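Trainee: Next up is a structure, given as structure tokens.
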Ligand code: ASP
């Protein structure tokens with residue numbers, strides 16, 4: 001039994017165009033074979049890595065359709081005997097793709113995603129170490145049943161909580177609400193935390209492609225006419241603090257919530273949307289009374305992923321509210 005490795009590009013797979021071109025910038029073009037060849041100590045893993053190159057793109061180019069396809073390929077690999085899965089991709093959208101994969105992944109085998117902050121042409125690239133750590137986690141029995149995981153900088157993060165919190169540091173990934181749930185040292189994987197798992201959601205690719213979820217982040221002195229939900233099936237609001245918006249937004253969002261599920265989240269990056277503390281117009285109690293769904297501890301981007309998957313799977317408003325409450 002081996003670990004199935006899928007590659008999707010990103011900084012971990014970037015190399016130069018050539019010295020004369022673009023002043024030495026890098027683009028995603030390395031294959032899985034290139035990536036594994038750069039990892040010292042891979043033989044110590046004890047199981048083979050079976051590579052499938054999918055595409056080599058910056059992660060801004062990834063899509064829900066690509067991740068759905070990736071989960072299907074990874075499922076096939078597991079059914080064919082892989083003990084776990086590693087995916088390499090760009091770090092920019094990793095917090096969203098990992099959460100999407102987590103919602104769809106139906107197996108106990110670990111689904112581990114990783115990337116790099118320093119490309120292979122730089123001094124001290126972190127890709128090889130991250131790939132090795134991710135492979136150890138994918139092969140670790142103690143990582144089974146935890147869904148999709150993100151491994152960088154020797155830390156194991158649950159897809160549900162992980163966020164990219166720095167644009168450039170090799171310590172960019174953190175789980176502000178929960179902390180890492182494990183570590184990898186000397187090739188040993190320690191898991192000290194669990195993560196609540198939902199039943200995998202089954203979703204059809206065509207339905208997912210057609211489902212649109214909008215997002216508005218409120219800002220100081222915001223104007224409710226900036227809320228644009230045209231063509232949307234659902235909407236996420238990234239509110240201030242514990243879930244607040246300017247009073248002028250309250251009737252607009254309340255009216256929108258009569259037409260589609262509207263999920264209220266916090267733009268702060270950690271902590272919950274409260275349920276029963278503040279009473280002003282535009283507060284969490286006012287918005288819930290107007291029909292907005294409390295997004296709980298999910299940040300706006302993850303809430304948007306969950307809402308799109310739920311709506312594409314045919315969930316009605318009550319089912320959406322129940323999923324966000326869980
Ligand atoms: N821009 C890159 C990407 O997400 C950054 C990275 O891989 O770290 O593809």
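Cβ atoms are placed via backbone N, Cα and C, with glycine included.
Note: TrEMBL annotation is automatic and uncurated.
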Trainee: Among 31, 59, 167, which residue does TrEMBL annotate as binding substrate together with 91, 92?
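Mentor: Within the candidate list, TrEMBL flags 59.
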Trainee: Do you know offhand how many angstrom separate residue 92 (substrate binding site) and residue 11 (active site, O-isoaspartyl threonine intermediate) by C-alpha?
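Mentor: If we compare the Cα positions of residue 92 (substrate binding site) and residue 11 (active site, O-isoaspartyl threonine intermediate), the gap is 10 Å.
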Trainee: How big is the Cα-to-Cα gap, in Å, between residue 11 (active site, O-isoaspartyl threonine intermediate) and residue 59 (substrate binding site)?
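Mentor: Residue 11 (active site, O-isoaspartyl threonine intermediate) to residue 59 (substrate binding site), Cα-Cα distance: 9 Å.
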Trainee: Using the centroid of the Cβ atoms of 59, 91, 92 as reference, list every other same-chain residue with Cβ within 8 Å of it (recorded substrate site), in sequence order.
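Mentor: Other same-chain residues near the substrate site: 10, 11, 58, 60, 89, 90, 93, 94, 115, 164.
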Trainee: Quick one: average pLDDT across the domain 'Asparaginase/glutaminase C-terminal' (212-324), no decimals.
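Mentor: PLDDT averaged over the stretch: 98.
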Trainee: Which residues in the same chain, at least 6 apart in sequence, have a Cβ under 8 Å from the Cβ of residue 59 (substrate binding site)?
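Mentor: In sequence order, 8, 9, 10, 89, 90, 91, 92, 93, 94, 97, 115 meet the Cβ cut-off.
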